[in-house]
Amino acid sequence: MNETFYHGETVDTVFRKLSSSANGLSGQQAEERLKQYGPNRLTPQKKQNPLVMFLLQFRNILIYVLLAAGLVTALLGHWIDAWVIVGVVLINALIGYVQEGKAEKALDAIKDLLSPQALARRGNKQVSMPSEELVPGDVVILQSGDKVPADMRLFSVRDLKIDESILTGESLPTEKKSDAVAADASVGDRSCMAFSGTLVTYGRAEGVVVETGDNTQIGRISTMLGTVETLETPLMRRLEELARTLSIVIVSVSVLLFLFGVLARGYSLTDMFNAAVGIAVAAIPEGLPAIMTITLAIGVQAMARRKSIIRKLPAVETLGSVSVICSDKTGTLTRNEMTVRSLAFSEAIYDVTGSGYIPNGTFLSDDRQVDHQSIEAIMAIARASLLCNDASVRHHENQWVLSGDPTEGALYVLGMKAGYDPEAERDEWPRIDMIPFESEHRFMATLHHDHRGHARIYMKGAPEVVLARCATQRNAEGDGNLDLAYWEEAMRTMALQGQRLLAVACKEVDPEKTGMDFSDVDGDLVLLGITGMIDPPRQEAIAAVKACKSAGIRVKMITGDHIDTAKAIGTMIGIGEGRHAMTGSQIEELDESELEDAVLRHDVFARSSPEHKLRLVKALQARGHVVAMTGDGVNDAPALKRADVGIAMGLKGTEVSKEAAEMVLADDNFATIASAIEQGRTVYDNLKKSILFILPTNGGEALSILFAIALGYTLPVTAVQILWVNMVTAVTLALSLAFEPAEANVMQRKPRNGDAPILSRFILWRILYVSILLMIGTFGLFLWYERAGYSHEFSRTVAVTTLVILEVFYLFSSRFFVTSVFSRKALTGNPAVLYSVGILLALQALFIYAPFMQKLFATQPLGPGEWAIIISAGIILLLFVELEKFMIRTFFKKTDMQ
Ligand code: ATP
């Protein structure tokens, strides 16, 4: 199909060409077209060629050193060693390749969890469905916050604005109309089209899909989508830089050592060459980057299982240092299951019974049921509630299911409780026009005509907004002046019970009137009454707020609701109990530095809009806080982007907010944020634990060689043996730490200081301490056997095995930073540790006893006596490390290694 085809055509022509209509396609038509056109998705970009990815594993200074060493070894005629080096390099690259592939797959799978939905009309019924199933001819309804799911020709447009920057680079949203434009208009000027991937920032429209999948504009400019997420986070980048610097230092030291050995000590060239290579191989933590990647990927997967979907990897790290969470109220802290509980009229207040969306309930006055059908005020507000409403509630499979906004669902149910048949009522008073609800203006208004020549506007919204637009109130004997003081008192009573308030008003208008705008609802409406609805707190949110508090994280509630409602709900949940709350207008009165003070003193912010959220984030950040902020609306995007961790709602959130966020909550639940923070802290811990585990290995090996040379001994372990140890311990032991569950105290610690270096004083000390212990064990036993007259080969086999076994013991200790390892949990808490030890022992047995390995690595079989001694050394090492932990616990009162 030709792309210039649609924007120059009238809507009717477009419908005709696509054999569709404003009622949409039938289910069968859609099915046939889906077969013909395929799913509405972009063909994923080709992954990098596997061979290239494999070769990229060699782009590493250590590998260059090793290959050079291999070459020289070959030139010296040590063919076996040369082959072992090449073999180990290849195996290392292969392992890196496989692990990276796995990590990438895991992350891809998580991206798929975020498949967007579209609101379409099929067979004249509105259905929400996966965007992937859209076909040309489908009618789609766009609302503010949506991501346009396909290229569409618009036909019914209400104040629609679309951010098309991804296509045109234009950062200001474009206004859309339904009139055809010139056939040669450029993409940016096709104002009657909405293009796939662009974002609706305002208004509402309907359009017919003209192109899907790769045929859309965005599909053609595939290079625009080339933003592949790298498997990197700031911490990993820092570590990689560190590793690079370290490598250069180590290589320089090796060269100096070589010169020193040859010139000052008179070692032979070959010996010193081996020693220099040994040092380089020993000291460089080659396994570390791969372990980091896999730890991160495993952490992200674990989070997804617990309903937090990470969109941007660095968020995993930031989550661990979050010190303030700013959360929405409705749906996140509360259940978002609204039920109208009370009705306030000018002359009486009624309670409404019933629960959830079940349309059974009665109306009570002073606890006594009333005959509501005879009460004009109740019937009027109930009818208005049904008409000024986009939601519906149906009986489906034995329960009442809501489709649409819960606030409106509650009002719909109110209408049914009053005895109206919603469909009949909506047929009798068809809607002619509307002003949709937006959280900026906090009301919704609709224009209706009946079939007897009457026209009426209904309006519902936040009471202060509606009251400001009313001149009169409905009384039993007719309309009278608005008694503001009365209404304020009534509202206060309702709000203090935690009820969400909505005022309802109406106005008779000229029957000729067929359209409406803001000027039609500006001052002369009649207030019908105020509804108060409850939205119970989520039980799990109460527990999660508590958990956050003990983890040193402050929770703030930012809501569009009334201040008294917000305070009452806050108290139920444990946020800002009893303390003052602030409103959006109070925020507006403060300048930046006043706000910075105020934001620390308050935990509940009511009647606030998205711009306030942005200011609050900035104020908190200015005071050094790391802020997580939730949001769902299109206007929340700037605050989400600004926050250190922007969190969007997976269920009720707009696509725009999801795009702006670092993380998406699959269940919209506050408790999920707390669990994500716990996971974030755990992932960071595990990254640190693998560093704590891997670096001493390198340190111990390097020190052993340095000592041997300094003391004039032969090498206690050869370069190829070191390669062996590093390789097998990295893929078994170190990897198992990635599966480490959270430490018991992870949510009792204060948030991590985001600027603190990963290699804290404690970590550096532990690395040095364990390096020395490993060196003493390895070199000590080597010396002992040498002195006892055993061959170099035998003594080295003892040394290598000691190194491996000491690491096994150290692994158990590394599972907890400072908590003692002498517990049952230490043995059973992480099965991966046990498997990895099993595999390692099998490999080490092969290394010692298999004849071909003996030949390759110059090893000799050990007897039970040697094993007993080596295992005893392991136990001693464990005791020494635990002693150090005990000291840290007792003298420094530390619970982690910050
Ligand atoms: P939160 O920010 O915690 O999610 P919220 O959902 O209460 O809070 P908004 O959706 O901005 O915030 O609602 C603000 C106010 O607007 C509500 O207190 C209510 O009075 C009014 N309101 C909410 N939904 C509607 C609606 N569909 N039609 C008319 N008015 C509404």
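Even glycines carry a Cβ here, placed using N, Cα and C.
For the domain 'Cation-transporting P-type ATPase N-terminal' (5-78), the model's average pLDDT works out to 84. For 5-78, the entry in TrEMBL reads domain 'Cation-transporting P-type ATPase N-terminal'.
Residues annotated as transmembrane segment in TrEMBL: 51-76 (among others).
Residues annotated as transmembrane segment in TrEMBL: 82-98 (among others).
What TrEMBL lists as transmembrane segment is 245-264 (among others).
TrEMBL lists 276-304 (among others) with the feature transmembrane segment.
TrEMBL lists 691-715 (among others) with the feature transmembrane segment.
Using a Cβ-Cβ cut-off under 8 Å and counting only residues 6 or more beyond its ends in the same chain, the transmembrane segment (721-742) has close neighbours at 66, 84-85, 88, 91-92, 95, 278, 281-282, 286-287, 290-291, 294-295, 298-299, 678-679, 681-682, 685-686, 689-690, 693-694, 697-698, 701, 796, 800, 803-804, 807-808, 811, 814-815, 829-833, 835-837, 839-840, 843-844, 847, 857-859. Per TrEMBL, transmembrane segment is recorded for 721-742 (among others).
Here the transmembrane segment (763-785) has long-range neighbours at 688, 691-692, 695-704, 707-708, 713, 716-717, 794-796, 798-799, 802-803, 806-807, 810, 869-870, 873, 876-877, 880-881, 884, 897, meaning same-chain residues at least 6 beyond its ends whose C-beta is under 8 angstroms from one of its own. Look at TrEMBL and you will find 763-785 (among others) tagged as transmembrane segment.
The feature transmembrane segment is assigned by TrEMBL to 797-818 (among others).
The transmembrane segment feature in TrEMBL is assigned to 830-852 (among others). Sequence-distant contacts of the transmembrane segment (830-852) (same chain, at least 6 residues past either end, Cβ-Cβ under 8 Å): 724, 728-729, 732-733, 735-741, 797, 800-801, 804, 808, 811-812, 815, 859-862.
If you look at the transmembrane segment (864-883), the same-chain residues 6 or more away from its ends with a CB under 8 A from one of its CBs are 769-770, 773-774, 777, 781, 798, 801-802, 805-806, 808-810, 812-813, 820-822. What TrEMBL lists as transmembrane segment is 864-883 (among others).
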Leading contact stretch, 51-76, 82-98, 245-264, 276-304, 797-818 vs the transmembrane segment (691-715) - CB distance under 8 Å: 276-304
Range from 245-264, 276-304, 797-818 with most C-beta pairs under 8 A to the transmembrane segment (82-98): 276-304
Residues in the domain 'Cation-transporting P-type ATPase N-terminal' (5-78) grouped by DSSP into helix, strand and remaining coil: 41 helix, 1 strand, 32 coil
